[in-house]
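Contents: one structure, followed by commentary.
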Amino acid sequence: MLTIQFLCPLPNGLHARPAWELKEQCSQWQSEITFINHRQNAKADAKSSLALIGTGTLFNDSCSLNISGSDEEQARRVLEEYILVRFIDSDSVQPTQAELTAHPLPRSLSRLNPDLLYGNVLASGVGVGTLTLLQSDSLDSYRAIPASAQDSTRLEHSLATLAEQLNQQLRERDGESKTILSAHLSLIQDDEFAGNIRRLMTEQHQGLGAAIISNMEQVCAKLSASASDYLRERVSDIRDISEQLLHITWPELKPRNNLVLEKPTILVAEDLTPSQFLSLDLKNLAGMILEKTGRTSHTLILARASAIPVLSGLPLDAIARYAGQPAVLDAQCGVLAINPNDAVSGYYQVAQTLADKRQKQQAQAAAQLAYSRDNKRIDIVANIGTALEAPGAFANGAEGVGLFRTEMLYMDRDSAPDEQEQFEAYQQVLLAAGDKPIIFRTMDIGGDKSIPYLNIPQEENPFLGYRAVRIYPEFAGLFRTQLRAILRAASFGNAQLMIPMVHSLDQILWVKGEIQKAIVELKRDGLRHAETITLGIMVEVPSVCYIIDHFCDEVDFFSIGSNDMTQYLYAVDRNNPRVSPLYNPITPSFLRMLQQIVTTAHQRGKWVGICGELGGESRYLPLLLGLGLDELSMSSPRIPAVKSQLRQLDSEACRELARQACECRSAQEIEALLTAFTPEEDVRPLLALENIFVDQDFSNKEQAIQFLCGNLGVNGRTEHPFELEEDVWQREEIVTTGVGFGVAIPHTKSQWIRHSSISIARLAKPVDWQSEMGEVELVIMLTLGANEGMNHVKVFSQLARKLVNKNFRQSLFAAQDAQSILTLLETELTF
């Protein structure tokens, strides 16, 4: 018997999706494989999803896989790589607490006296629709169905039918929906799930309906006893597949909650299963109020992926009397506004306008090329493993793909992919990319990524073993097939080739020879292909660093694999808990090595990127920029934040930071240096076109202040528009800011404003400013930083003096557009 020991790396524990993936990995082996949770002293058949879920395994639990059988050595090698490298990817990223924390109710809403119910935010957003109550169905009618001689046959038929339905949905869905449906399919195909129903029928003589319900209750009870909220919330998945089985077996007992949404609807229910959610017309699902759903339920994951706002914490009996009435579900402030009046509806119309502006701006920002504040260009690209990931990466702002892990095509299968399959996969991502560069890393297999059909013997230390470019000469036909596929696909886009684990010039010279042979073959075969291809290497073996100058004669670029390079530089196995604390790329030796690579390559006209985890670490972005790296490749969700941060950094300041870091004596000194490093704030003018509006159709004072404060949030002048608005209203409480002549000057000094601003809205029609000075047609809002000293008084005084001048006022009211107002103010005012 062989054993793999590990700590559970899953932040949410071993729930349905990772259990399904682990079961799939284990089921391909003939050996018996037992999963053990040592904290719980719980054992499970690793080829049963349900049994795995039942172990109650939480993050960082001590676990092991015991493997016994004819193929145990191969199984251990492959499963160890999966557990240590890929298992964590089977878990889902959950929203942060900040994302689920309701904003304080803005004064521009509370002053309108809305009829509100308060709840808890589960999925952020705002939805407008009719409140519709979904009643829960009792299962008593199924439980009461007497046992029948046909029950066993009916069970098999129902299981097969449900599996067929789930498979059909899998073919039609993608993203989170597909992942959750796969987990459900795994559960109903699980021997333990069906086996327990059969045992209840044979040993306890229960009818099929009662047995399905009893099995559901037993599994749910076990999950409900878990210490993990995430595992407790998997109860909904068990209930879901059990209820689907009941409905398939007795279709005549049609559930009352078969809901069709014919207009925008806010759905109110005790809970909603994933299959119920997927059956809804999402175009008309404005939001949901779910009394008992937890923050990590699969229904919530689907809702977030579909941008459906959700609240909880509202008792159904408190909402039932409002059924059929219009409402606004505000899952930003955590409230339900019942039967909103015109003023409240107007507030949410303004909120939607601001949300649309923000979404448009974010899309534009993501599409922009990445530059530092002083216009230093750096490519921000994505790491992906399949062509399906490419569109999402580009939507996040990826300027290309810095690492396409082609080895994913070779894994978890019985034979290697043929040339056509590879060509189609590579072509797909290139077509999605347009002219964006795609760097295909040739197959990084062998060693820690064992491929059974290659029959590479097990090694003591696979990370230092027979892998990547080292295996290519033995498997030259396999490598040539991949080269042909990439060269064919390269004729459809900007393809580049990268070779992993290179340590000598001989290896790259051999590879270049194989590329030429592949080109000759493709010409002979009459297949469309690229005549040349940009070639680079992964820099992950330290020996390469000392002969970068020689490699510059043979390749076009370098990409530093920081994960493996760190291991090899320090002789540290990052998966060994006794030495993993030594694994740290932010040390003087590592940074000096990066500096040497970049300097030497740049001197010879070659570019250098980084594609390990370090590339997406925002804390270390100033160092990477300062070291002169030309490209950062990372997981695509990190790209928007990295691009945004880069725009705040001055490359010269970062270069000095990197120089100082390379002179440090320890990692601790470098971390202290980073902590003390404060990027210089981008200076923005007090007056800017982005904050000036003409002919704004506001109904009241509240909308004007809401819009102007919210717009400052959209434009990045404040990260806290609600808090800034509160400061404006506090000033309004002291004395109204209507100054006469149809003008109001709301103002504040606030800690919440990053860039002091003057915002202007000329209104389409006057509004009541609740001031003795009459209605207002022009709003000039001053929001100045808390550290501005007496500057706010100077600005206010200048404006007030100018506004007394009739000609100045008339010019403001007569200006044709926002640019004309900006030009007038810049001419007349000095700050």
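Each residue, glycine too, has its Cβ placed from N, Cα and C.
Listed in Swiss-Prot:
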ACT_SITE  HIS298  active site, tele-phosphohistidine intermediate
ACT_SITE  CYS611  active site, proton donor
ACT_SITE  HIS747  active site, tele-phosphohistidine intermediate
BINDING   ARG405, ARG441, ASN563, ASP564, ARG574  phosphoenolpyruvate binding site
BINDING   GLU540, ASP564  Mg(2+) binding site
DOMAIN    1-90  domain 'HPr'
DOMAIN    685-828  domain 'PTS EIIA type-2'
MOD_RES   HIS15  phosphohistidine
MOD_RES   HIS298  phosphohistidine
MOD_RES   HIS747  phosphohistidine
REGION    119-650  region 'PTS EI'
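Structural mapping of features recorded in Swiss-Prot.
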| residue | record | Cβ within 10 Å |
| --- | --- | --- |
| HIS15 | phosphohistidine | 28 |
| HIS298 | active site, tele-phosphohistidine intermediate | 28 |
| ARG405 | phosphoenolpyruvate binding site | 20 |
| ARG441 | phosphoenolpyruvate binding site | 25 |
| GLU540 | Mg(2+) binding site | 25 |
| ASN563 | phosphoenolpyruvate binding site | 17 |
| ASP564 | phosphoenolpyruvate binding site | 22 |
| CYS611 | active site, proton donor | 29 |
| HIS747 | active site, tele-phosphohistidine intermediate | 21 |
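Put simply, the residue listed as 'active site, proton donor' is 11 Å from ARG405 (phosphoenolpyruvate binding site) when counted between their Cα atoms. A helical conformation is recorded for ASN563 (phosphoenolpyruvate binding site) in the three-state DSSP classification. A distance of 11 Å separates the Cα atom of HIS15 (phosphohistidine) from that of HIS298 (active site, tele-phosphohistidine intermediate). Per DSSP, the secondary structure of the domain 'HPr' (1-90) breaks down as 36 helix, 23 strand, 31 coil.
Note on proximity: among HIS298, ARG441, ASN563, CYS611, the recorded positions of the record, the Cα nearest GLU540 (Mg(2+) binding site) is that of ASN563. When secondary structure is read from DSSP and collapsed to three states, HIS298 (active site, tele-phosphohistidine intermediate) falls in the helix class. For HIS298 (active site, tele-phosphohistidine intermediate), the nearest neighbour among the recorded positions ARG441, ASP564, CYS611, HIS747, judged by Cα separation, is CYS611. Counting residues per DSSP class in helix, strand and coil order gives 65 helix, 35 strand, 44 coil for the domain 'PTS EIIA type-2' (685-828). Taking the Cα of CYS611 (active site, proton donor) as the reference point, the closest of the recorded positions ARG441, ASN563, ASP564, HIS747 is ASN563.
Averaged over the region 'PTS EI' (119-650), the predicted model reaches a pLDDT of 87. Nearest neighbour of HIS747 (active site, tele-phosphohistidine intermediate) by Cα distance, taken over the binding-site residues ARG441, ASN563, ASP564: ASN563.
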